[in-house]
């Protein structure tokens, strides 16, 4: 089945093609085709996974050649190894559940067929990104993901805020894309190849020099754009303007995981353990996990609160990815479990919105657990998983990252512990404001449970949030499985239930949850957002990220644009127009001597001859 792995990409790509090209003819059944194509892709991924684990550890790296793409540079082919198949299973599995959920969520949208076409396109592009065996194919998928995200975020283009958010995501990601593209140019110039196999044959593990550091930092810039890491995170919260299934797909299974994949895939080449580039990845991750958590504390919009948590959780993954082989498995493990519980949380938020007339302000919720029991139960499981409640998925994967970080980079590790405590606060705040307390909704709201086509995916996702982490981390299953692709640490770590960082994390999470209960569970929640302190305003304004970008990039860019326009108008155009005007003026003056009178011409000739004769006499030539 590995030889037919291209079908994973082909199925959703064909689905998108049919739905877009045949248009209104597919309106009645287009959504079903979109779901079927995603499920078919998932089936191929499952079959490929079982075939792959049937090989020995040294043989779990299978290349599938498709065709010669760029002669002498890169053939188009797929690389099926433990890393790529893990991503493929997550993308197609969670993606299929989101497709199914969307049948109910988008049931009343007249453009539902087009929505499913964009979902299929998104999945196809992401699969190409993670399955390509070279940076060229990865970049094509990378740009495809950017295009699909633009189309989905701005799907409701009649809303000015959605159109603006789509353009913002597209433009900010172009900055990261520039870094990735320049990095690819440097790789090609230095090594003469862009294939992962070719680089593996040329680069000695642990090699570090100025060129390698530059490549690593350029690739990190690309990863920061797609994975919404500092300083390119400003697009993420605005992306909530798209339909909620889009938020779940972007935040759980596709777009924001692309940067983590890029770093881990390139880790053996350009982010070796202990290198400057790897340290930069870890620092960016630690800074972002704190920034995202702080932002999440001040958001009353349930989707934007979850967006802040995504920014923070991806920060944990980037921190793990900067720690070498010891952190890779925990980073990928957290990425997989996060895909389940974050999709569960986002789709749960969508279920709440579905029952509350699309209201997103948590201050207008309250007491919804009795009206939406299934949504509450599944959301609560996702909540327990993300805060790292013992024995749930997030407990094993996130704590694994924290322990590894404390061992390798103690300062960054303890910052991650602090971030976990803040996570306990803002996620508990979200649960208490939404499902507990007195009702605060308007009289015209009639809370109700969502249909089964929406709640069944929630239940499946919550099962993954419950037990997947223990299965992946205990006995180092995931670490051993990924070893052929990302390397194996010198010593296999053992998960310690009573380690100092682990106990400190649990204590801070408990403190954060207790504080949230005192402020939002037991006390009355005001219906209007209070002014708050400077720190609260700082968090509400997304740490002034937009203001910083405006000051550092937008205004200087506008100034340079005005300068360029002035130089173009007064310099280049001025030179051309001035020369033309000068020639025109001279021509006009010369035209005046053409009177048409023969006597005037004779007089002019006589005067000219006299002047010439006089000049020659003066110089003594006659």
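Cβ coordinates come from backbone N, Cα and C, glycine included.
All annotation found in TrEMBL is predicted automatically rather than curated by experts.
Feature transmembrane segment, per TrEMBL, maps to range 371-392 of the set 349-370, 371-392, 525-546, 547-568. Beyond the ends of the transmembrane segment (138-158), by six or more residues, the same chain brings 111, 114-115, 118-119, 121-122, 124-130, 132, 165-167, 169-170, 173-174, 177, 180-181, 184, 222, 226, 239, 241-243, 246, 249-250, 254-255, 258, 262, 265 to within a C-beta distance below 8 angstroms of the stretch. Contact between the transmembrane segment (453-474) and the transmembrane segment (249-271) is not supported, since fewer than 3 Cβ pairs fall under 8 Å when only residues 6 or more apart in sequence are counted.
The stretches the transmembrane segment (211-228) and the transmembrane segment (277-298) meet in space: the count of Cβ pairs below 8 angstroms, excluding pairs fewer than 6 apart in sequence, reaches at least three. Away from its own ends, the transmembrane segment (494-517) comes close to residues 387-390, 396, 399-400, 402-403, 406, 413-414, 417-418, 420-426, 428-429, 432, 473-474 of its chain (Cβ-Cβ under 8 Å, at least six residues beyond either end). Among the stretches 76-103, 178-199, 277-298, the one making the largest number of Cβ pairs under 8 Å with the transmembrane segment (249-271) is 76-103. Residues 309, 313, 337-338, 340-342, 344-345, 348-349, 351-352, 355, 398-399, 420, 423-424, 427-428, 430-431, 434-435, 447-450, 455, 458-459, 461-462, 465-467, 469-470, 497, 505-506, 509, 513 of the same chain lie 6+ residues outside the transmembrane segment (371-392) yet bring a C-beta within less than 8 angstroms of a C-beta in it.
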